[in-house]
């Protein structure tokens, strides 16, 4: 999800420091991959999570998952080895994937904020405004725009500082070049403008939600639904807040590097703000679990279903064996007096009184 930049490699002289950084980066990658896999599986298992809003959340989780699988491992290797060892061609692919995933993440968060805005500002028309077809079109546009902006700009050299150097690769470095125009345009289009719109939408959402809560506080039937809706909004706002905290320092450094030169930022500082941005991909699943009850339920179902199924199977086997033993030991007269149980489609059992079968 790193936008238009890759891991800045700085050499670590201390062995202990290098081991510590290796462990931290490995844990971050593991949490990113595992956490976003859990998000996708939870939505698949829990029907309450299968709604249009969560389509964008799943898209965001897929983006972060791809980041953890396709970008972060190579960023960590580059960070720790202090050199790029995978060649020029793969450097261009790697940086293009990095930019694409960042753009997709921002656009997903942007669409989530618009979805929440429609749900709170005009709840009666929400089913008309947000339809499955429109959501599908939005998701397709998110990925088409992301692919176009990333691969097109890098492979055509729009980010380069001179006409002769259109690549992103030197002998030992793999780093996207940033010129003045590219730094300003990309920073505004992919981060600052979406961030501004999201802040405005969430401000209006919270303002309307607060006014509605005051007006309908005495109506219990509306109160429960409103509380659930507001909790979902708070959760999504927390996700966006984490995104701002994680990525704002990097984009500030990115624009500054475009204005002042590729070497204007200290490599240590650049690496810190970059990996702070990467950490956002690991935070999103944690935020869902901490703030959203439906996601907590989905996580519980995911982690407990296999254990529950295993225990249920063992219990069923013991019950069947016990029932068979009792049946074989009963006398025929006792079997005839056994109450009749009628199984209905609703899943409940209706027990007939003894002797009902004799009538």
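Every residue gets a Cβ built from N, Cα and C, even glycine.
The compositional bias 'Basic and acidic residues' annotation in Swiss-Prot covers 328-340. Here Swiss-Prot flags 91-174 as disulfide bond, drawing on sequence analysis. What Swiss-Prot records for 4 is N-linked glycosylation site. The site 'Essential for histamine binding' annotation in Swiss-Prot covers 98. Sequence annotations record features per position, and here Swiss-Prot assigns site 'Essential for tiotidine binding and implicated in H2 selectivity' to 186. The site 'Implicated in histamine binding' annotation in Swiss-Prot covers 190 and rests on similarity to another entry. Sequence annotations record features per position, and here Swiss-Prot assigns topological domain 'Extracellular' to 1-22, 82-92, 160-180, 259-267 based on sequence analysis. Swiss-Prot lists 45-57, 115-134, 205-234, 290-359 with the feature topological domain 'Cytoplasmic', giving sequence analysis as the kind of evidence. As annotated by Swiss-Prot, transmembrane segment applies to 23-44, 58-81, 93-114, 135-159, 181-204, 235-258, 268-289.
Sequence features, as recorded in Swiss-Prot, placed on the structure.
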| residue | record | DSSP (3 states) |
| --- | --- | --- |
| 91 | disulfide bond | helix |
| 98 | site 'Essential for histamine binding' | helix |
| 174 | disulfide bond | strand |
| 186 | site 'Essential for tiotidine binding and implicated in H2 selectivity' | helix |
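Within the set of recorded positions 91, 98, 174, the entry lying nearest in space to residue 190 (site 'Implicated in histamine binding') is 98 (CA atoms). The stretch from 23-44, 58-81, 135-159, 235-258 with the most CB pairs below 8 A to the transmembrane segment (93-114) is 135-159. The stretch from 23-44, 58-81, 135-159, 181-204 that makes the most Cβ contacts under 8 Å with the transmembrane segment (268-289) is 23-44.
Taking H, G and I as helix, E and B as strand and the rest as coil, DSSP gives the topological domain 'Cytoplasmic' (115-134) the counts 14 helix, 0 strand, 6 coil. For the transmembrane segment (58-81), the most Cβ-contacting stretch among 23-44, 135-159, 181-204 is 23-44 (pairs under 8 Å). When the recorded positions 91, 98, 174 are compared by Cα distance to residue 186 (site 'Essential for tiotidine binding and implicated in H2 selectivity'), the shortest distance belongs to 98. Here the Cα atom of residue 174 (disulfide bond) is found 12 Å from that of residue 98 (site 'Essential for histamine binding'). Cα-Cα distance from residue 98 (site 'Essential for histamine binding') to residue 91 (disulfide bond): 10 Å (rounded to the nearest whole number).
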